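One structure below.
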Amino acid sequence: MSDTGKQKFIYYHYDPSLGGEVAFIVIFALVTVAHLILMIRRRTWYFIPFVLGCLFEAVGYMGRAIQASQEPDEWVRGPYILQALTILLAPALFAASIYMVLGRIIRLLDAAHLSLIRVSWLTKIFVAGDVLSFAAQGAGGGMLSSAKTKKDQDLGNNVVLAGLGIQVVVFGLFIITTVLFHMRMRKQPTSRSFGVTTPWTQLLWVLYASSALIMVRSMFRMIEYALGWDNVLMQSEVYLFLLDGALMVLVTLLFLVYHPGRVLIGYKEIPAGGRGKGSGGETTDEGSEYQMMDRGSRQERRDRRVDMAV
């Protein structure tokens, strides 16, 4: 308690584990490099936010490692601000790339008419929601980082909570959109879907899994901030490791094993401004859409089916 009767800012209610922080630094540093290499090799530039998210995680745990190597009375705001903002915001960067993957799958299958949301608006709507969530969480994290009293902490908590709430709502809508599209595709498969040899359904399941992991993490952080600064979830670092760090490791590994660049192949991007029509007659003019390059192989498959019918 300070001389003015106000409660002082408390960095942590526990001593950070240096071993745990270093373990996450190593893991996230490795996946950052791996994703960067894959992104460059496969030219999946829409994965730039995802790679930045991996980097944010690594940098965040570096900040925690710095303070874990010090005595509590040596802690300063710099490393704390670093870890608070980067670990909090990294999942929003993952989400931005995940949202863009769905639009590309829909275009890959020429299935714009099966999407709940107009495809030309799909990515824009979800990324806009993600940016709003990112901004709110960043602003709240900034308030927390500069807080001098418990009142300041509570204000920062509420702003972060609002940002996390936006993220949960947007992710919920994204999951609904993805599920409905998947169900409609199973009932009304497009002609192009029969000619696509890459495992696009597998990538959809990866979207489900990664979305669920980020949703669980966001719900954990919402509960953590909603309960106040001295709640049980902030009394032990284990909760952060299990319900944030470990879940985000799984997200990065999922997309490392099932990278969209391995599925969205056989297509080339039409330059910005190019236009095309989906099976439902909807014109799409987003920055890029996909065009089949393996027409010869499709014609060959059709010829084989004709021969079999004869």
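Along the chain as shown, residues are numbered 1 onward.
Each Cβ is built from the backbone N, Cα and C atoms, and glycine gets one as well.
Where the annotation comes from TrEMBL, it is an automatic prediction and has not been curated.
What TrEMBL says about this one:
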type     : residues : note
TRANSMEM : 22-40    : transmembrane segment
TRANSMEM : 47-68    : transmembrane segment
TRANSMEM : 80-101   : transmembrane segment
TRANSMEM : 121-139  : transmembrane segment
TRANSMEM : 159-182  : transmembrane segment
TRANSMEM : 203-223  : transmembrane segment
TRANSMEM : 238-258  : transmembrane segment
REGION   : 274-310  : region 'Disordered'
COMPBIAS : 295-310  : compositional bias 'Basic and acidic residues'
#### Entry: Long-range environment of the transmembrane segment (203-223) - Cβ separation under 8 angstroms, sequence gap at least 6
88, 91, 94-95, 98, 101-102, 105, 160-161, 164-165, 167-168, 171-172, 174-175, 178-179, 182, 233, 239, 243-244, 247-248, 250-251, 254-255, 258, 260, 263-264
### Whether the transmembrane segment (22-40) meets the transmembrane segment (159-182): three or more C-beta pairs under 8 angstroms
no
#### Entry: Tertiary contacts of the transmembrane segment (121-139) (same chain, 6+ residues out, Cβ under 8 Å)
85, 88-89, 92-93, 95-96, 99-100, 102-103, 106, 115, 159-160, 162-164, 166-167, 169-170, 173-174, 177, 286
